[in-house]
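Reviewing the structure listed below.
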């Protein structure tokens, strides 16, 4: 992810050079060819392609609904941000250089927030970290609507908003993976879960632009931030309805992007060969064990309450 963010920051900075349309495509071709050179010079063997397995979103929803919702909404918002923010800023009369600075500010925010967000999620839990990111991002979108009225310093206010949005939005996908891994049984294969989350991220990215376009059609100035605010509130409500996971059950959070996850899935296959496949029986066993644990805890709580009541009654009966 470090290379990804640095490359993206460098890429959007090229927009400020005000290149012609021919020069842009020429530069893009040169960069693509240069990216192929290390691959062509590296001696690697073709990895064995595993058998294709169906992705079951309902199974993933049964295990970790918050991870699924976070991945889906993250796909919607992050993809909408990159595909439609230029149109939004053009409506605000931003120049090409100002648009590149806005995108650069957002990517810098996403880049420097990865490690702090990972550390925070270890301390307070993934669910609480998702809550914090959703709250910060929703407040930032509200500030973005307010900043539009500030005609004297619109650009600088929007740069600050872009930076904060990058800090809060671009970590949601990694948090969804960490949340799912925390809730998985220790003997369950995680590859299918990562694929499922990536699939949900892609579905969110696929269906979101038309809806955002409709919102911006209703209000070209306020529709962009209003759309983000609505779905961030939905994510906030989803997080509030779930329970945090004890710190002892946390797994190490991997700093990742959807692109990095897609390339890393194959590397995970060898380390997951001895694990149980992601099937319906494993999900049912996990849910049954979780229900039994909750019932046992409830029985213990009832017993403790009964004992405490008896003790209080005895104390009251003593003269």
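From the backbone N, Cα and C atoms, a Cβ is placed for every residue, glycine too.
Lifted from TrEMBL, the feature list:
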TRANSMEM  24-45  transmembrane segment
TRANSMEM  57-79  transmembrane segment
TRANSMEM  99-122  transmembrane segment
TRANSMEM  129-149  transmembrane segment
TRANSMEM  155-175  transmembrane segment
TRANSMEM  196-216  transmembrane segment
TRANSMEM  222-240  transmembrane segment
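Nonlocal intrachain contacts for the transmembrane segment (24-45), taken as residues 6+ away from its ends with a CB within less than 8 angstroms of a stretch CB, comprise 14. By number of Cβ pairs under 8 Å, the transmembrane segment (99-122) is matched best by 155-175 from the list 129-149, 155-175, 222-240.
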